[in-house]
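*Asks:* Structure incoming, see below.
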């Protein structure tokens, strides 16, 4: 439930706030690691520990009946009536006036029809994406989406190895409980200080540099230990910084992947990336049990190389900072070909300017839902203008 909820948040979040919201969403996870370390110290039986740590997750199930579906996904899938219903509810909860219901429905329907007419293959692609296997095929259907999909899959696999490999090194320290608590403390700046940096520098630089630095630090630890200059606290400090940069890159990639995948394939794309990350999680325990006892430096070498390769791969991806989310594979092709008309979202967009491309519904300082429009908004007589005029009153 956590990953779909994160993706839903990204789809309804205002573009300029997406780095902050996406990174800050992981802050409770850092606090959880600190709390879980204390729980493990007090509860020695692993069964009771598992029960105590898993029980709070039961409160997530009622949220299924409360949280609405993503209006962006509903619109792309052609469920215009349901999309309008979600937007009207969001407007009511945020005390925003959208105008007549028919105007909202007509506007969304016009946007949906405009999206279909942008490419001759859009309707066929959307139809295939509605099917279970069609979504998987859409990830490799064209050369552009195939390159992005395969690159992200490899990145998530390698960063999964690095992300779990560092905490599993707790056995090499005198107090594994203190080690895990300090790793949790290292995650706090990774999920707070990183937010404004990501907004300023972009996803690619922060994620790629984080993985490269983390891999380099682990290789430095390996070289120090091989030369006989081992010091537990020095290793711990360097490992904390390596984990900090790893968590930074991992969380930024949580924002980056949904932004790279269009709405039609975003559920499948993020699911496959998560699956590859979980596959990467299974590799460090195998290395620790089979290779580390005989060749202790090899595991650190593997983790360091994973960081370097995944960091280098990030720099092969296009930047998405400040850009609206894409809805179809055709939109992605146009953007990478330089044929789109998208503009970077500004902190204070001019809602009186009818040529503004992006926001359909807003609450003065808080964005509820961003509708990617393209050429449709160039028409001065469209319904978007009437909705925006109603909001500014």
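Here the Cβ of each residue, glycine as well, is placed from N, Cα and C on the backbone.
Bear in mind that the values here come from a model prediction, so they are computed numbers and not experimental data.
Sharing the feature lines straight out of TrEMBL:
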type	residues	note
TRANSMEM	20-43	transmembrane segment
TRANSMEM	148-166	transmembrane segment
TRANSMEM	178-198	transmembrane segment
TRANSMEM	205-224	transmembrane segment
TRANSMEM	236-256	transmembrane segment
TRANSMEM	268-286	transmembrane segment
TRANSMEM	298-317	transmembrane segment
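Tell me about the surroundings of these features in the structure.
*Replies:* Counting only same-chain residues 6+ beyond the ends of the transmembrane segment (20-43), those with a CB under 8 A from a CB of the stretch are 6, 9-10, 13, 49, 52-53, 177-178, 180-181, 183-185, 187-188, 190-192, 194-196, 198-199, 247, 251-252, 254-255.
A Cβ distance under 8 Å defines the sequence-distant neighbours of the transmembrane segment (236-256), meaning residues of its chain 6+ beyond its ends; these are 6, 10, 18-19, 22-23, 26, 30, 155-156, 159, 162-163, 166-167, 169, 173, 179, 182-183, 185-187, 189-191, 194, 198, 203-204, 206-211, 213-214, 217-218, 220-221, 307, 310-311, 314, 317, 320.
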*Asks:* Could you pull out which residues elsewhere in the chain have a CB under 8 Å from any CB of the transmembrane segment (205-224), counting only those six or more residues past its ends?
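*Replies:* Non-local partners: 159, 162, 166, 194, 197-198, 230, 234-235, 238-239, 241-243, 245-246, 248-249, 252-253, 256, 297, 300-301, 303-312, 314-315.
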